[in-house]
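Heads up: the structure comes next, in structure tokens.
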Amino acid sequence: MDFLEIVGQVPLKGEVEISGAKNSALPILAATLLSRQEVKIKSLPQVVDIKAMALLLQNLGASLEWLNPNTLQIGAKSLNHTEATYDLVRKMRASILVLGPLLARFKECLVSLPGGCAIGARPVDLHLKAMQQLGAKITIEQGYIHAKAPKGLKGNDILFDKISVTGTENALMAASLAKGITRIINAAKEPEIAQLCAFLQSGGVEIHGIGSSELKIRGVENDALNLKDIQIIPDRIEAGTYLCVGAITNSQLKINHIIPNHLQAITDKLIEIGFSLDIQENSIEIHPAKKRQAFEITTKEYPGFPTDMQAQFMALATQCLGTSVIEETLFENRFMHASELQRLGANISLKTNVATISGSTELTGSDVMATDLRASSALVLAALVAKGVSRVHRIYHLDRGYERLEDKINALGAKVARLKEK
């Protein structure tokens, strides 16, 4: 198992190229199961979750060819398998995204209940109810979801009691081959949803209301779609993380290959803290702040402040003057990084879903353990400003969502080494 050894308090400067968005790539990979013709997907990040989804598609009978490290050609014309097995699905929760396309195209499928994420309860109930609204019969048998719609899916209203990104994505993919019109009410509004909609539209699906909380889909009355090639949008969470690298080290960094509009909740907060940002069409440059002020954050669905940036801002709060307050409203158990930040010297108190951070605090290098994907990046951020050497263990979490993180940070001047546990 690998760990990162990080020498703290090293000056940083330079530019970072942002990779394609993992959270856009995963549903788009799943959606290729709907396609009769081969599809080329560009700007795929080389991260563990993408490789796991590619392996799952291959296991279902899709043909895969990597044209270069970030471009994959997928052919799902002659799929011969509609069972997503536990061995593959347990590796990540996003595997549930194959449920909608498999059911829509083949009228029956078996999908293992997912694993792969340590952040509280992320129930699949919303996905199952959405499929039932479209006419599917669902049973849970020996840890598998067995979904059937012998006569095909039929358009209907799907009302989500709670906003769900993957639930919205699964409903969209299922509705794309359903007869008639489907309305998804209380839909998620993330940019990744908008890109999935554009991908489905390329195959002839009519979708209205993109970017709003109500989506209207007219399915293609056929047994498959003819989807077109697509380039994955830049990863707004990776971009936000590197902005936080600049912010926590108080360095001048330029973040390239981004869509600034997708980052507004993050950039607004950085400006409030005291940073000067030069925002261009596809880049943001962060300049050192004279004084970093404490702040308050409440995580919300897009376009609110993203829960996936909460941990990084908790690390940043340790270097801000005053008392910062972070309220997590979307997931339980999402403060597991707090105790590890405390090992580095952070002054953090927790009360249910609210964290209070007192700063500014001098952090000291230590051994810390990553507990989930975004927590791992928060520990790397803190280690960059800690006095001495830190070792971040269990970085397989980090590898799920960040492409070549140590290479990108080292290119800025950092001293980060990936080593093997003894």
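The backbone N, Cα and C atoms fix where each Cβ goes, and this holds for glycine too.
There are 25 other Cβ atoms within 10 Å of the Cβ belonging to Lys22 (phosphoenolpyruvate binding site). Among the features that Swiss-Prot reports, phosphoenolpyruvate binding site is placed at Lys22, Asn23, with the record citing sequence analysis.
For Arg93, Arg122, Pro123, Val124, Asp125, Leu126, Asp308, Leu330, the entry in Swiss-Prot reads UDP-N-acetyl-alpha-D-glucosamine binding site, with the evidence type sequence analysis. Taken residue by residue with DSSP, Leu126 (UDP-N-acetyl-alpha-D-glucosamine binding site) is part of a helix.
Annotation source Swiss-Prot lists 2-(S-cysteinyl)pyruvic acid O-phosphothioketal at Cys117.
Look at Swiss-Prot and you will find Cys117 tagged as active site, proton donor.
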Have a look at the binding-site residues (Asp125, Asp308) and report the one with the fewest Cβ neighbours inside 10 Å.
Asp125
With H, G and I counted as helix, E and B as strand and the rest as coil, say where DSSP puts Asn23 (phosphoenolpyruvate binding site).
helix
Once DSSP output is merged into helix, strand and coil, Leu330 (UDP-N-acetyl-alpha-D-glucosamine binding site) belongs to coil
